[in-house]
Every structure is written in C-alpha cells, then in structure tokens.
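J.: Please find one structure pasted underneath; my questions will follow.
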Amino acid sequence: MSDLAQMPVLAPHAPETRGRSLFALAMRRFRRNRAAIAGCVVLALVALFSFVGPLFSSHSYDEVFPSYVSIAPSLEPRPGADTLQGAMENAVQRARLRLDAFQVEGRSFTATLAADQPIDPRATRYIDRANEFDDTVVKETLEDGRKLVVEGRVTREYFPFGTDSNGRDLLVRVMLGGQISIAVGFLASLVSLGIGVVYGATAGYVGGRLDNVMMRFVEILYSLPFVFLVVLLVVFFGRSFILIFLVIGAVEWLDMARIVRGQTLALKRREFVGAAESLGLSDWQIIRRHIIPNTIGPVVVFVTVIVPKVILLESFLSFLGLGVQAPLTSWGALIAEGANNIQSAPWLLIFPSAFFVVTLFALNFVGDGLRDALDPRDR
Amino acid sequence: MTARTNMKSRTAQAATATGETILAVRQLKVVFDTPDGAVEAVKGVDLDVRAGETLAVVGESGSGKSQTMMAIMGLLAANGRASGSALYRDREMVGLPIKDLNTIRGDKITMIFQEPMTSLDPLYPIGRQIAEPIRHHRGGTAADARARVLELLELVGIPEPARRIDSYPHELSGGQRQRAMIAMALANEPDILIADEPTTALDVTIQAQILTLLQSLQKRFGMAVVLITHDLGVVRHVADRVVVMRRGEVVETGTTRAVFDAPKADYTRMLIDAEPSGEKAPPALDAPVILQGRKVRVDYKIAGGFLKKSGLFTAVHGADIHLRQGQTIGLVGESGSGKSTLGRALLKLTPSSGRVLFDGRDISGFDRKAMRPLRRDMQLVFQDPFGSLSPRQTVGEIITEGLYVHEPQLSKAERDARAVAALQEVGLDPTARNRYPHEFSGGQRQRIAIARAIILKPRLVVLDEPTSALDRSVQGQVIELLRGLQASHGLSYLFISHDLSVIRAMSDYVIVMQGGQIVEEGETAALFSNPREAYTRALLSAAYSR
C-alpha cells in the first residue's frame with residue numbers, strides 16, 4: 001500500500017531534462033529489493049481482496065443464515081446433494097407423487113415426477129414450498145401427463161471460509177475486517193504523521209523554552225496509560241469508527257514527534273537552513289520548505305512501522321471489546337471471536353489470523369525495504 | 001625493550017636500502033558498482049614507492065588518488081572492486097584475504113586520514129587507541145605498550161604526554177589530534193606511511209608544523225611517505241617524487257623538481273598555474289559606505305550544568321568595520337578566530353551588541369521581521385556547497401526561493417525566466433534548474449549557491465570561505481566569476497577566508513582576526529608586503545614559505 005501512496009510523487013510530468021531526485025534514486029534501490037516488492041504485491045492483493053472482494057459475493061456482511069450456523073469451510077455448495085434429495089423427496093411425498101429421478105447441477109435442479117394418474121402441473125407448488133427450491137417450472141410432460149419433468153432453482157450457498165456462530169459468511173466478514181483494519185491502519189498513521197511531523201518540526205526548529213514545554217507535554221501524554229485513555233473516550237463518546245483511528249493516531253504521534261524533532265535538531269544546523277534564513281524566509285516557511293521535506297526519509301520508514309502497529313492496536317482494542325461495533329468488524333474482532341471458539345470452530349480463528357499475519361509480514365518487508373532504500377549506508 | 005632494538009635494526013636496514021622499490025603498483029583498477037552500472041574510479045595505475053622517499057600523489061577531487069591507496073590497503077567501500085597488482089616486498093596485496101592483509105596493514109603500511117576527529121574513536125582515550133596496533137601486532141603487556149605510547153607521544157610533539165595519554169579526542173586540538181593519529185601510525189615503525197590529505201583540515205600555521213613533524217619523523221625512521229594531496233604548495237615543499245593523477249589515470253610521474261620546472265602534461269601545467277592571481281583595485285574614495293559595524297560584539301552563552309554556572313564566551317570582541325560600495329574586504333584568521341561569527345553578526349543572523357549601519361540606517365535593533373525587507377540587499381554564500389543546498393529541492397526551486405519571499409507577485413514563468421538568467425550569469429546551463437544538487441560537482445554547486453545570492457540583485461554579499469572546499473582549478477574559476485559579478489553589479493563583498501592567496505587575489509582591504517579580535521588591518525598590498533603584527537607574519541610565512 002505504501003508504494004501506492006507514493007506513486008504521485010514519482011510521476012514525472014515535467015520537461016525532458018528532469019533530474020533524478022533523491023527520492024527517485026531511493027525508489028530505484030527499492031525496486032531492486034525482491035522481498036520488499038513481494039511485500040508490496042501481497043499488500044496490493046490483500047487490499048484488492050478486502051475492498052473489491054465484497055462486490056463479487058452475494059452475501060452481505062451482516063446477513064444471517066439461520067440454517068448454516070458454524071459451518072466448517074468447504075468448497076462444496078450448501079446444502080449438499082443428499083440433503084437436497086431428502087428435501088425433494090419430502091416435497092414430492094407431500095404432493096402424493098413419486099420421484100423418479102433427481103439431479104442437481106450448480107444452482108438448478110431437474111426432477112422427474114411420476115404418478116398413476118395425470119399430474120396437475122400445479123403440483124410444482126409443493127416443491128416451491130420447500131425452502132430449498134424456487135421457480136419450479138414444468139419442462140416436459142411425458143406419458144400423457146403421468147410423468148412430469150420439472151426444473152427450477154436451488155437456493156445453494158457457498159461458504160468457502162465457513163460461517164460464524166451467528167451464521168454469517170466468514171469470507172465476507174474477513175473482507176470487511178480487512179477493509180476496516182487497513183483503513184484504520186492508514187488513517188491513524190496519517191493522523192499521527194500529520195500531528196507528529198508538524199509538532200516535532202516546530203518544537204525542534206524553534207527550540208529553547210517552547211521546545212521544552214512541547215516535549216514535556218509529550219512526555220506527560222506518554223505517561224497516561226493508553227487503554228485507560230481509550231476506555232474513557234469510548235465511554236464519553238460511544239464507540240465509533242472515526243473515534244478509533246483518532247484515538248490511535250492521537251497516541252501514536254508521540255513517537256513520530258520525537259523522531260521528527262531529533263531530525264530537525266540535526267537539520268537546523270545544516271547550511272541550507274542558514275541560507276534560507278539569510279534569504280529572509282520566516283520560521284514557518286523554513287519548516288515547511290526545508291525541514292519537513294528533509295525529514296521525509298526517516299518519517300516514511302517510521303510510517304511503515306506504525307501501520308502494522310496501529311493495526312495491532314486496533315485489534316487489541318477490538319479484542320477487548322472496545323473496537324468497532326458489531327455487525328461491523330475488524331480482523332482483531334474476528335480473531336477475538338475465533339479465539340473464543342477455538343475448539344468448536346477453529347476456522348474462525350485461522351482465516352482472519354492468516355490474513356492478519358500475511359499483511360503484517362508484508363508491511364514489515366516493505367518497511368525494511370524502504371529503510372534500506374532511503375538510508376543507504378554504503379554509498 | 002627487545003622490540004625496540006629490533007625496530008632500530010630494521011630501521012637501519014631500511015635506511016641502507018634507500019632507493020629500493022618496496023611497493024610496486026601495476027595496472028591497478030578500481031571499479032564501483034552503482035545503480036547506474038559500473039564506474040571505473042581508477043583505470044590502471046602504475047606507481048612505485050621506494051624505501052625512504054616521499055612520494056606525492058597529486059590530483060583534484062575525483063582523480064582516484066585516495067581510492068588507489070584505499071584499494072591497496074583493502075579499505076574500499078563494499079561496492080568497490082580492485083584488480084591488478086600491488087606488490088609489497090614481493091607480497092601481492094590485491095585480493096589478499098583480510099587475515100593476511102592485517103599482518104601488513106597497521107604494521108608495515110599504515111595510514112593517516114584527513115579528518116583526525118572522525119578517524120579517532122571518541123569513546124576511548126588516545127593512549128589506548130595508539131596502544132591498540134602495538135599490542136595487536138607486537139603483543140606484550142599493557143604496561144609495555146603504555147611506555148611505548150608515551151615515547152611516541154613525545155616523539156610527535158604532544159605537550160605533557162603523561163597527562164595527554166589519558167585524554168579523549170575531543171579534549172585535544174585539531175593539530176594535536178593529527179599528531180596522535182601520526183603516533184598511532186608510527187607505533188609499529190612502518191615501512192610506508194600513507195598520509196591522505198593530512199593537513200587539509202588544519203589551519204595554515206598548524207599545517208606547517210605537521211608537515212615539518214612528518215619530515216623529521218621520516219628521516220628518523222627511514223620510512224617511505226606517500227602523501228596524497230591536492231595542495232601543490234605542500235608537494236613542492238616536501239616531496240621527492242610526484243605522481244599526478246587525473247580521472248583515474250596517471251598523467252605524469254617524475255621528481256618534484258622536474259615536474260614543477262618542466263611539466264610535461266598540459267594538465268600538470270594547468271594545476272601549477274592555478275594559483276589564484278591578480279589583484280583588486282580599491283574603490284573610489286568617495287564611494288558611499290554601505291555597511292558599517294561599530295564595536296560589534298558577540299557573546300555566546302555557555303549552558304550551565306546542574307551544579308555548574310552558565311558562562312559567557314565572547315566570540316567577537318568589539319570589531320569595527322567599514323565596507324564601501326564596490327569594495328572587497330578580506331577577513332582572515334584561523335578557525336575559531338571569530339571571522340565567520342563577525343560576518344553573520346553584521347548580517348544580523350546572530351545576536352550581537354554594538355551598532356550596525358546598513359546604507360546609513362541603524363539596523364542594530366532590528367528584529368527578524370524588520371530585517372526581512374533588507375535581506376534581499378545583503379546575501380550570504382557558504383563554504384560547503386554540499387551542505388548549503390537543500391538536497392530535496394531542484395536547483396530551480398533553490399535559486400528562486402529568495403524571489404518567493406521578496407517578490408511574491410512574480411508569476412511562475414517570470415520566476416523561471418529569472419532563474420534562467422541567474423544560471424547563465426554564473427555560467428551554468430539553464431537546463432540545470434530541473435535537476436537536483438547531488439547531480440552537480442562541488443564547483444557547480446558553489447555556482448548554484450552564488451546564483452541564489454545574486455538573483456535578488458543584492459548590494460552586499462558576505463562570502464564565507466566560498467572557495468575553501470573546492471579544487472584549485474575550480475577555485476580560480478569561482479574567483480573569476482565573483483570578480484565578474486562584482487564588476488557588473490557594483491557589489492560589495494565581505495570575503496571570509498583562511499586562504500591568504502585567495503584573499504590577496506580578491507580583496508583590496510584585509511582585516512586579520514585572532515581570538516575574536518582584529519589584530520591588524522590595512523590595504524591588501526601594504527599588509528602583505530609589510531605586516532606589522534607577529535601573528536600576521538606567522539600566517540604569511542606559513543602560507544608562503546612552501
């Protein structure tokens with residue numbers, strides 16, 4: 001994902017003799033790092049799965065299938081052929097007919113009904129009355145109406161990841177959890193990036209008493225227990241999606257502010273800052289035009305560390321029950337639910353945690369790659 | 001003691017064998033793998049080092065002179081590869097495994113570097129660092145090594161060696177640190193001492209001392225010295241033979257006298273002639289005074305510790321200065337003399353007391369906001385062309401930054417046109433404005449920095465060591481450029497430098513500073529021909545004796 005976020009910077013729309021910026025050079029190094037590129041691809045796939053996947057599924061994340069509670073994952077459609085055969089036999093029996101043949105293909109069925117007298121075509125209603133079958137129509141009438149070949153739709157559902165204890169499709173819920181976890185991860189990181197960079201650069205550049213006051217404030221915030229803070233906020237404002245990433249962002253910016261401040265302290269002794277000062281730029285202009293762009297390397301690297309950290313934090317909150325509210329869900333909430341059912345329904349734990357682990361690995365590989373690309377020690 | 005006598009006998013041996021080739025480099029190549037493909041830094045160098053001689057390897061930055069020596073010592077960066085041959089007393093050094101290489105380097109061949117502060121480990125006392133190679137190669141007890149270190153420190157002329165042996169690098173001055181480095185290099189009485197720009201980071205008076213020390217030590221130990229330098233003055237003074245390198249190739253080899261008196265290669269001739277020349281006529285007597293400083297004083301507060309009182313450090317003690325329209329005042333002094341601080345104080349970039357008048361207006365009490373409109377008339381050019389340009393901006397953005405502040409009404413196209421004009425004026429291709437500073441050489445970057453200053457059409461430019469980080473030949477070009485700009489725009493310069501030859505070529509008036517005080521000032525010609533103060537004489541003799 002982070003490579004997508006940086007794409008606009010790379011896109012050159014300028015004249016032919018455009019030089020290669022430090023960033024472009026770093027990206028060249030990055031592209032040669034196989035693990036990092038693999039990480040990017042995996043992230044893109046996971047994002048695609050989470051955000052585009054639901055469009056291809058007929059189930060909604062809060063749709064309950066009362067007949068399929070805690071069903072194990074399988075690639076076979078539900079209900080199975082045997083169950084359908086039984087249901088059909090029941091229906092046919094109620095219509096006082098005989099079932100000669102029954103076939104199911106995908107989501108349609110063909111049945112041959114037989115009786116001693118000619119059959120009233122309205123007998124198909126008996127079939128429609130069963131939950132499993134719909135839109136039954138007579139296809140063929142044989143033997144002067146004593147035999148009917150009927151066709152219709154079968155309501156069959158696919159649950160490749162199984163269902164949860166409420167009978168909801170786990171596949172769709174994992175997709176939704178991915179959406180929320182990824183969104184929280186990036187939005188909260190952006191919040192922390194925004195606050196942290198501006199705060200840290202200001203404290204570091206202005207220095208002196210203001211720096212002291214600002215950094216002591218950061219330390220006070222550090223000393224507050226995070227969970228306590230979240231519980232308080234949740235109690236005050238109720239649980240909401242926006243609150244979660246604001247809260248996480250508001251906690252994570254502390255690290256960012258410290259890193260940026262350290263960078264700024266080193267940068268402000270550089271001569272180009274002195275040159276800007278002698279050109280008459282104001283403090284804010286210097287921070288904006290010189291300090292912040294030059295902290296970008298360590299900041300980008302730190303963001304790739306923060307994103308997985310935030311996803312973990314959100315999972316932790318959801319695990320405690322302070323995160324997103326049902327029926328919305330996140331990977332953390334899904335994992336918490338899976339952990340409760342680990343013996344009866346292990347797939348509830350396996351699928352969300354597999355996605356979670358893969359995403360975190362990919363993010364860490366990307367982070368490592370970015371760090372190596374932006375901070376080459378041997379040049 | 002036995003080790004000592006051993007060394008004595010070996011020294012004697014070496015001395016008798018003077019003239020014998022002890023290091024023969026043949027077809028040495030160094031290739032660096034970069035993202036843009038392989039870059040050949042050294043393209044087949046041949047050179048011989050004879051026992052007991054001083055061989056100077058001369059060249060401008062990027063000529064591969066340091067990389068040649070690094071390749072021999074196995075110190076190339078990780079992406080560098082060396083090929084060819086370097087025979088030290090019939091032992092092949094190129095491609096030797098590290099373990100075997102370590103029996104030679106640090107023992108038979110040692111090295112000192114340009115910047116003694118960064119080549120000494122700040123965490124250990126110097127005595128311990130000097131003892132390290134002795135104990136590694138010779139063994140022995142810590143007490144033996146310490147005795148040897150004391151002897152060495154005395155030898156290299158560090159005062160009070162018994163006390164200094166336990167000092168940390170930051171407690172020593174630059175010259176003392178370089179002496180400590182030399183002591184470390186001499187610890188095992190090497191056959192060859194490679195000195196990579198050993199005096200470049202030092203003040204002129206210290207430079208002379210270090211070179212004298214190296215010469216006397218060389219005589220005493222009979223070792224060969226390979227002196228890597230870009231400073232031809234040093235070469236002329238100390239070297240027996242000279243190897244001139246350019247772009248990874250040897251251009252010329254010969255005895256010092258032969259090379260200097262009758263250079264065969266054009267490049268060598270150009271290097272020798274690159275000494276800045278010319279002089280500047282003083283401005284008309286009735287030229288208006290543009291900048292005036294009266295009793296300018298700069299104090300720095302030294303932050304106190306928990307139980308320590310904070311103190312005051314006075315960097316400039318009440319300096320008076322009058323700069324007239326079109327004049328160039330050269331401000332000379334060693335590092336720490338307060339010359340740069342005075343320059344910054346006059347531009348109101350550093351808090352100071354005393355009065356500063358710009359164009360007749362008293363600006364002493366102006367704060368940053370009040371100064372802002374005046375900034376366009378007073379510009380500053382820094383020493384380090386690598387540090388003074390923001391690496392994340394294009395050259396166009398860098399040089400138009402001042403316009404952005406002082407002429408915000410300009411459209412993008414107008415700004416671009418001004419950038420093109422400024423780049424042309426400093427002799428750069430205008431297409432450079434779309435590129436980034438790291439794509440330019442030091443001299444080109446300094447031109448960019450000058451373009452940034454002159455795009456605002458200032459009246460006063462403070463040049464803080466603008467040529468010190470540049471090669472001699474590039475220095476000459478930058479000086480020409482600055483002269484041309486002064487003539488066409490009627491600029492006034494405050495030229496800060498420690499390099500007397502540049503000062504002489506650029507300025508019509510010279511101020512000599514020492515320890516924050518102006519010790520002498522006067523017209524350039526008069527001051528150079530007839531210095532009154534002992535300090536000025538010391539500076540002059542250090543700079544021109546070689």
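Every residue gets a Cβ built from N, Cα and C, even glycine.
So TrEMBL says this about it:
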TRANSMEM  A:35-56  transmembrane segment
DOMAIN    A:178-367  domain 'ABC transmembrane type-1'
TRANSMEM  A:180-201  transmembrane segment
TRANSMEM  A:213-235  transmembrane segment
TRANSMEM  A:241-260  transmembrane segment
TRANSMEM  A:291-311  transmembrane segment
TRANSMEM  A:347-367  transmembrane segment
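Structural setting of the listed features?
T.: Taking Cβ pairs closer than 8 Å, the transmembrane segment (A:35-56) reaches residues 1-4, 171-172, 175-179, 182, 355, 358-359, 361-366, 368-370, 372-373 in its own chain, all 6 or more past its ends.
Within the chain carrying the transmembrane segment (A:180-201), a Cβ under 8 angstroms from the stretch's Cβ atoms is held by residues 1, 5, 46-47, 50-51, 214, 218, 241, 244-246, 248-264, 287, 291-292, 295, 299, 303, 306-308, 310-311, 313-315, 324, 328-332, 356, 359, all 6 or more beyond its ends.
Within the chain carrying the transmembrane segment (A:241-260), a Cβ under 8 angstroms from the stretch's Cβ atoms is held by residues 180, 183-184, 187-197, 199-201, 203-204, 215, 218, 221-222, 226, 229-230, 233-234, 295, 298-299, 302, 306, 309-310, 313-314, 317, 323-324, 328, all 6 or more beyond its ends.
A Cβ distance under 8 Å defines the sequence-distant neighbours of the transmembrane segment (A:291-311), meaning residues of its chain 6+ beyond its ends; these are 1-2, 6, 23, 26, 181-182, 184-186, 188-189, 192-193, 197-198, 201, 204-205, 245, 248-249, 252, 255-256, 259-260, 263-264, 267-268, 273, 331-332, 356, 359-360, 363-364, 366-367, 370-371, 374-375.
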